[in-house]
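Peer 1: Please find one structure pasted underneath; my questions will follow.
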Amino acid sequence: MKCTSKIYTDNDANLDLIKGKRIAVLGYGSQGRAWAQNLRDSGLNVVVGLEREGKSWELAKSDGITPLHTKDAVKDADIIIFLVPDMVQRTLWLESVQPYMKKGADLVFAHGFNIHYKLIDPPKDSDVYMIAPKGPGPTVREYYKAGGGVPALVAVHQDVSGTALHKALAIAKGIGATRAGVIPTTFKEETETDLFGEQVILVGGIMELMRAAFETLVEEGYQPEVAYFETINELKMLVDLVYEKGISGMLKAVSDTAKYGGMTVGKFVIDESVRKRMKEALQRIKSGKFAEEWVEEYGRGMPTVVNGLSNVQNSLEEKIGNQLRDLVQKGKPKS
């Protein structure tokens, strides 16, 4: 079965559409730094908008990119790219962008959260679109410098000019994404699937599955060190195999015993009740319930996050993991 989506590549994107336009990248963290440098190296006019002078300000200067206070960066910008954390964007928008941006400037996002959940209400005369790279900022930069690119998603929320998609693809080309491929989506789809993946697999699901497996073995009297290797440490090797060869490639690489055990017991553990709760988690995302809770949590200083992190840091598996990582490092051959 082939991919059902159109995949945009370099031939579908034209940098000339945005050459000569002033691009303000807001934020200079992982993604902000990568985007700003890649767009600059693609021959585009880039400035960085920051709320205060500090380490990021000096880093931008050392990278050869002009840092400005956010208000100054956006006032002459034709394209404004939000690359600050989700929960910072609304305040930044209300205080430092909306009152100062010029009429008709494009608003660009790397994640749909604030637009989809209406935390930011964009002007009716602005094009609003998204380019969401499927990799961390350092990888976006590294691949670009090596002549490649990280795949991305592209979406248009508001197309006043009639050329929003074309400009989005030009930005995607500027950061190197069209070298790999850019898949069209919507703000709704990107936001909901991104949150779902984080919650049930990438962060929440994997974390709780590892911890539950480790604790089960320890409670049954097995050595914590052995339990850690079998339930947590070896996960990387399997994930690397899936990343490189897919799920079937991973299965071909493991022992027949592992294949049989995985195919039988895996469905016993991850059964229909788990799938039902996954759907419930998805409904919380789709209804906006999760977003409401997260905004409230953030406003209270993130007590759930702070307490949860403390719990993990003080857990037996974390203490054992710290010790075993030292052993692994000692055993690595000297380069």
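Note that the numbers count up from 1, one per residue, in the order the chain is shown.
Cβ from N, Cα, C; glycine included.
What Swiss-Prot shows for this protein is this:
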ACT_SITE  His111  active site
BINDING   Tyr28, Gly29, Ser30, Gln31, Ser56, Asp86, Met87, Val88, Gln89, Gly137  NADP(+) binding site
BINDING   Asp194, Glu230, Glu234  Mg(2+) 2 binding site
BINDING   Asp194, Glu198  Mg(2+) 1 binding site
BINDING   Ser255  substrate binding site
DOMAIN    5-185  domain 'KARI N-terminal Rossmann'
DOMAIN    186-331  domain 'KARI C-terminal knotted'
Peer 1: Within its own chain, what residues at least 6 apart in sequence put their Cβ under 8 Å from the Cβ of Met87 (NADP(+) binding site), listed in sequence order?
Peer 2: Trp294, Val295, Tyr298
Peer 1: Tyr28 (NADP(+) binding site) to His111 (active site): how many Å between their Cα atoms?
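Peer 2: Answer for this pair: 16 Å between alpha carbons.
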Peer 1: Rank the binding-site residues Ser30, Ser56, Gln89, Ser255 by the number of other Cβ atoms within 10 Å of each Cβ, and give the residue at the low end.
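Peer 2: Candidates: the binding-site residues Ser30, Ser56, Gln89, Ser255. Fewest Cβ atoms within 10 Å: Ser255.
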Peer 1: Around His111 (active site), how many other CB atoms lie within 10 A of its CB?
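Peer 2: The answer is 21 other Cβ atoms.
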Peer 1: Could you tell me which of these binding-site residues, Asp194, Glu230, has the fewest other Cβ atoms within 10 Å of its Cβ?
Peer 2: Glu230
Peer 1: Which one is closest to Glu230 (Mg(2+) 2 binding site) in space, judged by CA to CA distance, out of the recorded positions Ser56, His111, Glu198, Ser255?
Peer 2: Ser255
Peer 1: Can you break down the domain 'KARI C-terminal knotted' (186-331) into helix, strand and coil residue counts using DSSP?
Peer 2: 129 helix, 0 strand, 17 coil
Peer 1: Just to be sure I understand the packing, how many Cβ atoms besides its own are within 10 Å of the Cβ of Glu234 (Mg(2+) 2 binding site)?
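Peer 2: That number is 11.
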Peer 1: C-alpha of Glu234 (Mg(2+) 2 binding site) to C-alpha of Glu198 (Mg(2+) 1 binding site): distance in Å?
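Peer 2: Their Cα atoms are separated by 21 Å.
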Peer 1: Among Tyr28, Glu198, the binding-site residues in question, whose Cβ has the most other Cβ atoms within 10 Å in this structure?
Peer 2: Tyr28
Peer 1: Nearest to Glu198 (Mg(2+) 1 binding site) by Cα, among Ser30, Ser56, Gln89, His111, Ser255 (recorded positions)?
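Peer 2: Checking each of Ser30, Ser56, Gln89, His111, Ser255 against Glu198 (Mg(2+) 1 binding site), the shortest Cα distance is to His111.
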